[in-house]
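Taken straight from TrEMBL:
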type     : residues : note
DOMAIN   : 181-247  : domain 'Mechanosensitive ion channel MscS'
TRANSMEM : 6-26     : transmembrane segment
TRANSMEM : 47-68    : transmembrane segment
TRANSMEM : 88-111   : transmembrane segment
TRANSMEM : 132-153  : transmembrane segment
TRANSMEM : 159-178  : transmembrane segment
Amino acid sequence: MSQEPYRILIGMGLFLLSSLLLYLIYQRVISVLKRKSLIRKPAVNSFVIDILKIPVLWLLLWILFKIFSHSFISETPVFSTLMSINNILLILTVGWLVIKIVKAFFYYWLNKLDIHTADNLNARRNLTRMKIFENIIVATIVVVVLGICLMTFEQVRSIGVSLLTSAGIAGIIVGFAAQKSIATVLAGIQIAITQPIRLDDVVIVEGEWGRIEEITLTYVVVKIWDERRLILPVTYFIEKPFQNWTRNTAEILGTVFLYVDYALPVDALRSRLTEIVQHHPKWDGRVANIQVTDTKERYKELRVLVSSKDASLNWDLRVDVREQLLDFIQQNYPGCFAQMRVQKLHTESL
C-alpha cells in the first residue's frame, strides 16, 4: 500500500499545527509591541502596527508553507497548480506589505504636520503634496505587482515583461494619455506639483463655499459649509476658474452691507463698529472700517470691512457685526432704516 497519502496528511497536519503556534507567538509579539508603543506617540505607533501586522503574518505563513511543502506536495498537476497559486499569493502578499509600509511611512510623517494652527500654509502645502505622491507610489506598486504576477504564467509572460520595462510603462502612459481617465491622473500629478489647491483650502466652486477635504489622483472632495460634499474631477481645478481664499494666507477681509436712510450719521456707526471689534475674539486687529459705497433714490449703501485670521472666523465675525450694528441703529436711530418718503403738497384752492 502506498505511503503517499499518509505522508501528505502528516505533512499537512504538521503545517497546520506550526501555523497555529506561529499565530499565537505572533499575536503575543504584537501585544508586546503595542504596549511599548504607548510610551511614545501611542496613536501613531499603534496605527502603524495595526496596518502592518496582517500582511506580515501572511508573509510568515507563506514562508512556513514553503518549509513544509516538500513533505506534502507531490508531482501531480493539481499540486503544481496549487504551487503556482501559492507563488501568486506570495507576490500579492509582498505587494500588499510594501503598500502598507508606504502608507505607514506617510502616516507617520503626516502626523508631524499640524494644519489646525492659524498659520498652517506650509503644513497644508506639504500635506497635499505628500498625499498625492502617496497615491502615485501606491499606483506604481500595483502596476509592478500585476506585471510580476503575469510573469508567473508562461502564456502571458511577455505582457508582464512589457509592464516591468521602462519602455513598456512609458508606452502605456503615452498610449493612454489621450484617454480621459489617464488625463485625469496626469492632472492630479500636476496639482501635486503646482498646487493651485491644497488640503483645507477655503474655495468657492460652482457657487458653493467650502474647504478642500480630500485630494486624490482623480477627484477632489470639497466639504460644503452645510456638511454636504461636492465631488469634482481634478481636471476642474486645472481647466476652470475658481476662488481660493487661502492660496497664500488664511487671513481674509469680510464685508457687511447695510442700507440706511440718508439721515443716519456714519461717524456714530463707525464708533460703534470700533467698540464691537475691539473686544471681539474673532477680529485679528487689522481692518475695521465703514465706507459709503453707493447711493440710491431711497437709501445709501454702507460697506463694513472687518478682518480675521481665516474665513470661518470671519463669517462668525461678520454675523455678529451685522447683528450688533442693526441693534444699534434700531435703538438709537430707529427712523434711519431705508424707507420711502411721501410728502403731501398743500396747494391753494383756485
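Numbering starts at 1 and runs along the chain as displayed.
Heads up, the Cβ atoms here are built off N, Cα and C, so glycines get one too.
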- Item | Mean per-residue pLDDT computed across the domain 'Mechanosensitive ion channel MscS' (181-247) | 85
- Task: Give the residue counts of the domain 'Mechanosensitive ion channel MscS' (181-247) per reduced DSSP state, in the order helix, strand, coil.
- Result: 18 helix, 25 strand, 24 coil
